[in-house]
Amino acid sequence: MEEVQRHSVHTLVFRSLKRTHDFFVANQSLLPEIDETLEKLKYNIKARDTYGLVFDRAAKAKALAAKRGDSDRIEGQHGGKDGVLAITAAGEQEGSTPDGTNGQMALVPAATPTPQAASSAVQILPKKAPTIPKPKWHAPWKLCRVISGHLGWVRCVAVEPGNEWFATGAADRVIKIWDLASGKLKLSLTGHVSTVRALAVSPRHPYLFSCGEDRQVKCWDLEYNKVIRHYHGHLSAVYTMSLHPTIDVLVTAGRDSTARVWDMRTKANIHTLTGHTNTVASVVTQAANPQIITGSHDSTVRLWDLAAGKSMCTLTNHKKSVRAIVLHPSLYMFASASPDNIKQWRCPEGNFIQNLGGHNSIVNCMAVNPEGVLVSGGDNGTMFFWDWRTGYNFQRFQAAVQPGSMDSEAGIFSMTFDQSGSRLITTEADKTIKIYKEDDEATEESHPINWRPEIIKRRKY
């Protein structure tokens, strides 16, 4: 029995290719003749498939004009005012036309349609070139007050609806209430046993809500300055909270990767919103759907159905942790911030609008006012000011640290505008609270918009 000689795979493939080449080399470059009838038929089928609707509408318009006795207007007479082109050639029967063009499209000047026939006329209108809108001018912002008083990192801030005072919470476990006009301390509330991470003031009740790294969620009665309710359920630190604007519902979220919906009065845990796979760093609520939006360290943003307690949509465009989400006060939109960039979305489906790129740091917080000024605060103390509509960055600076602090303590943890939108309050790692306002002396001439539309790119990913 003869032994079969073994060959490498390369040799066998090469031999197979050679056999194939030898087999077909005689027919090389010998192509069949093109049948012109079949070619025409192919193009007619393609035209009917792509432009069938246009052909049908043109045929209907032609028939309607013929009935009225003015078919000459659609047969090619130059009666149009502006010479707008119209698609008029369409077969009365499928694939053929009266002039024998086999359903090919002809462009002729369109006549001005009568009001009765306007709906059936098919016109090709000139397409307007896309334009990038010019940013609205905003006055630059400047520091107007620095408030000291906390003994640790100041992690959160909330302004009361009457715009008379604001509250801050810090790593010293104390909630402090400050007079907004003068910046003087009005009250200190103690009760948390670890860092206070989020605050919210109710617009309908004399209540202040707080949560912290001690897993506690507290409701303070501001008439008695005492805790009147605790909301138990979180398994780890609670990092963020939001009050629903129209119903008595509180939403909290944190390191246990869940957001919990609480009945403000009964303290019942109505829903536990599960789905995120890492810390939930930000939550916002609104009256319209989606009523709850969360951002997480798993780099996703989720839109939630409050009634069902389920996720409606997950936005996975971000590549890194989403630490901040902010709702626009009047537009039906929101923004989410991550170290890769800030993204704007449209509710209710979460349609992507545009990227705001350039704030290359860990963005801890954002705030937006009714004038369309979006501010983002970074973990390295940088602040970027943006025009909401166009995404133009009109101002950026490094927040100054308190004298005696290290440069590494230049970090912004939270920020909010007051109710008027004219004051910006930030809380920082140098244990201070800073208040910014617009520069009243600035004009469009002294601080012009450095706008170059050719370098503005709206990348969609």
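Indices start at 1 and increase along the chain as displayed.
Glycine is no exception: its Cβ is also placed from the backbone N, Cα and C atoms.
Residues belonging to the repeat 'WD' (147-188) score a mean pLDDT of 96 in the model. The repeat 'WD' annotation in TrEMBL covers 147-188 (among others).
TrEMBL lists 189-230 (among others) with the feature repeat 'WD'.
Residues 194, 197-205, 207, 209, 211-219, 278-287, 291-292, 294, 296, 298, 304, 306, 309 of the same chain sit 6 or more residues outside the repeat 'WD' (231-272) yet have a Cβ under 8 Å from a Cβ within it. Taken from TrEMBL, the feature repeat 'WD' applies to 231-272 (among others).
Positions annotated as repeat 'WD' by TrEMBL: 273-314 (among others). Among residues of the same chain six or more beyond the repeat 'WD' (273-314), those with a C-beta under 8 A of the stretch's C-beta atoms are 239-246, 249, 251-255, 257-261, 320-327, 332, 334, 336-338, 345, 347-350.
As annotated by TrEMBL, repeat 'WD' applies to 356-396 (among others). Long-range contacts of the repeat 'WD' (356-396) within the same chain, counting only residues at least 6 positions beyond its ends with a Cβ under 8 Å from a Cβ of the stretch, are 132-138, 140-141, 321, 323-331, 335, 337-339, 341-344, 410-417, 421-422, 424, 426, 428-429, 449, 451, 456, 458-459.
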If we skip the immediate neighbours and take only residues 6+ beyond the ends of the repeat 'WD' (147-188), which ones have a Cβ under 8 Å from one of its Cβ atoms?
194-201, 203, 208, 210, 212, 220, 225, 402, 411, 413-420, 423, 425-429, 431-435
